[in-house]
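To keep things clear, I will list the structure first and then write my remarks on it.
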């Protein structure tokens, strides 16, 4: 069934916290990380854990999707010989997944029942008694259909065979149209399912797979089960349905710059839907609304809307970053204090949901899904098109910067300089939304820079004197530039234009963030602690900190709250990005501890303050509970979870910190 023929499969009603009647297909949620051992203890193999199936009771063959077994599904096409045997005569398995024994029944009865439909693996959950279904599939998820109870079913973690108990999940009732779209074919594998739908894909055997799979952050490489390269929304819809059928997790990749490589799935074996082919940019000259494909990068976006209609948007300075995660997780630019975050410009979204349905979400159509997508889209769907309210591009912008030397030789100078800049940033007689400001420091260099959307005279006569009052001498740079020239200068690149294919910029790094509330600015004690740490602690790698002004007088960022969107950081004065990197080779493991220490130096010295974290600088070392608390807070996370349970009860859209992961 074509998307164009679909009628909405569901209606969403919200009364208090009660969500009702969404017709969606359930798929599968997350498994937790595996502990490193030589022989697979839980049927997983290959991937980042590197388990081998040789000697495993589950079977000696490691399948294309990273699971041990002994049938043709494991030992045939895609079998990973580096992690076991392959071919027609594998070593026999002592465990027959489809024929439970009395021994396995005893094991099942002593295991914890799955709380989230994951089973087996390192968590050891059983599906026996689970509302998701009593059968544990070869991929490690509970269900009640033949995909779960048939070939590869793990009897040690539930029942298997032809008569599993029925499951009633009221939130996943499927309408006739959704059933038609999502009905499985006779496909034997995920690849067959995708090929039967004529979906463009890249497999590990494909010549372009290595380049497409390589993440921006080389520290965290993951190997997808398949990379989908959609040219239509129908391709995305069909791919998501296939993934749900075969219990494979899904993540979208827009630009691929996720600091945690969540756009590569956040683990091996996910389906990555690479939106690179979706490069459309169209501006309505009357309304100023731009319709932008989910694969567009920021530099091409800025050029596209300016060249078509001399329009502008607030967003980050790196031209290679993709629109997808940047716009749905916040998106800060120097002009955000005037126009809001990138997220705030969204007025509509074309989205594929977990059952393959394709909807247009706005503040009035599917408002709860729309709310959730603007802050947590990676957990709810794949954005095919963004509808963005643009602004007239300013004729000129003042790009300014002041560099200070000797800042790391005196704790008093360092702390007093920051405290003065902080006082300046809160001075309403000088500062308004037209001023963007950030501080950069790396242990040797220290600069304060930004933009001013106003006249050079006003900047030089009113703003600069107050900013510099009482500070050490500095080297100034004040230039008046056109809009595109201003963005290009901020990017530190020769051009904003990025290639439509073959993007090849990478880094090897670890980063953390701190959000500092307006109600509790940084204290001298916190700044002194930070100074002592960065000047006296051994540095295992290169590092820098960027400290951007989000709040202050006239900030459009902080005029909204979480009734507007699920993005929750609406009260910050400063946002820190602490970043450790190497220019070649592996990142020293001690870098993670060093960057952690930068955060701790501030937070421990100012215990009265409730600090937060910024989603676009996602920290992969956080456990899910901590990540949810820092990024969303309890109330908004609970609302997101309620929507997730209805829209994606099977956790099709997954990463290690996704909504619903525990």
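We number each residue from 1, going along the chain as drawn.
Any Cβ shown, glycine's included, is placed from N, Cα and C.
Quantities reported herein were computed from a predicted structural model and do not represent experimental measurements.
Taken from TrEMBL as is:
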- 1-27: signal peptide (SIGNAL)
- 42-88: domain 'Chitin-binding type-1' (DOMAIN)
- 61-75: disulfide bond (DISULFID)
- 91-114: region 'Disordered' (REGION)
- 92-114: compositional bias 'Low complexity' (COMPBIAS)
- 116-162: domain 'Chitin-binding type-1' (DOMAIN)
- 135-149: disulfide bond (DISULFID)
- 220-393: domain 'FAD-binding PCMH-type' (DOMAIN)
Cα separation, residue 149 (disulfide bond) to residue 75 (disulfide bond) (Å, whole number):
20
Out of these disulfide-bonded residues, 61, 75, which one has the fewest other C-beta atoms within 10 Å of its own C-beta?
75
Can you see whether DSSP assigns residue 135 (disulfide bond) to helix, strand or coil?
strand
Give the helix, strand or coil assignment DSSP yields for residue 61 (disulfide bond).
strand
Within a 10 Å radius around the Cβ, which one of these disulfide-bonded residues has the most neighbouring Cβ atoms: 135, 149?
135
Could you find out if DSSP has residue 75 (disulfide bond) as helix, strand or coil?
helix
I need the CA-to-CA distance for residue 135 (disulfide bond) versus residue 61 (disulfide bond), whole Å please.
22
Give me the mean pLDDT over the domain 'Chitin-binding type-1' (42-88), rounded to a whole number.
75
Cα distance (Å, whole number) from residue 61 (disulfide bond) to residue 149 (disulfide bond):
20
